[in-house]
Amino acid sequence: MPKTKKKKSGQPITKRERLPGDIQRGPILIRKFHTLQTAISRAVTTGDAAEQAQLEDQLQDLGGLEMYQKASIRGQDKRRGGDSSKTLVEWLKSPDLDFQWPADKARVLEIGSLSTDNYISRFAKLDVSRIDLNSQEPAILQQNFLDRPDPESKVQQFEGISCSLVLNFVPLMQRSDFLVHLTKFLPVSDRNVTRWLFFVMPAPCINNSRYMDKALLLRILQTLGFEKVKEKITDRIAYWLFKRVAELTPGQIYKKAELQGGKTRNNFFIPLKT
């Protein structure tokens, strides 16, 4: 089969409305996106503009954000068990979960929402607001979370936030701002209402990184005022449910330092500064 020539205009190849039939292609595409995004962040950090431009061209040649999201939505197909909010709902329904719920539905912000037909959307206790960089449905607000204005009242805050496979796609130098911004929308729990964070990352970000491991990630979240409630780590995905128990600790800085050596490790890191 003849190869398709790259367009000289450099525009993203986004005309393919369907992903290939092989179900393995979706995860492969997503991994390629994550690898390129990490490399772009590294080029930005080192000031290598030429390398950054070349990597961004490669990202667009894969189809850009639109194709990444189509692969993610396909991976979220409930028939293939790809909806991470299934784990969240199972945890929230768990009889051993000592959460206090508001009198009305708990207001939840789903960052990086791909669908209005996932498990979290069908859980009766939740009133879900959805945002995403490149909305695929009218009910999902197209918005960069970092551009969301700071809440001016409790009405603009939430009892729960779902942040599933989002932070790993945020550029390196914006990850700290992202997490600090997130705490503004999730007040500290009190005796009447528990406020929580559902946080999902690719497992290699913590078990195969030179600069990050699970212990460090939990310390970072603790600095932000979160206490671990539930955890599940598979070969591919790491899931956590956190409870907001305190305000963030000011004046804390987490700098990149090698924790584990090895040529096959990735460079994922969260340079938190509070």
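Each Cβ is built from the backbone N, Cα and C atoms, and glycine gets one as well.
Under the heading region 'Disordered', TrEMBL lists 1-21. For G112, D132, the entry in TrEMBL reads S-adenosyl-L-methionine binding site.
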| request: Taking the Cβ of D132 (S-adenosyl-L-methionine binding site) as the centre, count every other Cβ atom within 10 Å, in any protein chain shown. | output: 23
| List of residues, in chain order, with Cβ under 8 A from that of G112 (S-adenosyl-L-methionine binding site) and at least 6 apart | I131, D132, L133, C163, S164, L165, V166, F169
| Which of the three DSSP-derived classes (helix, strand, coil) applies to G112 (S-adenosyl-L-methionine binding site)? | coil
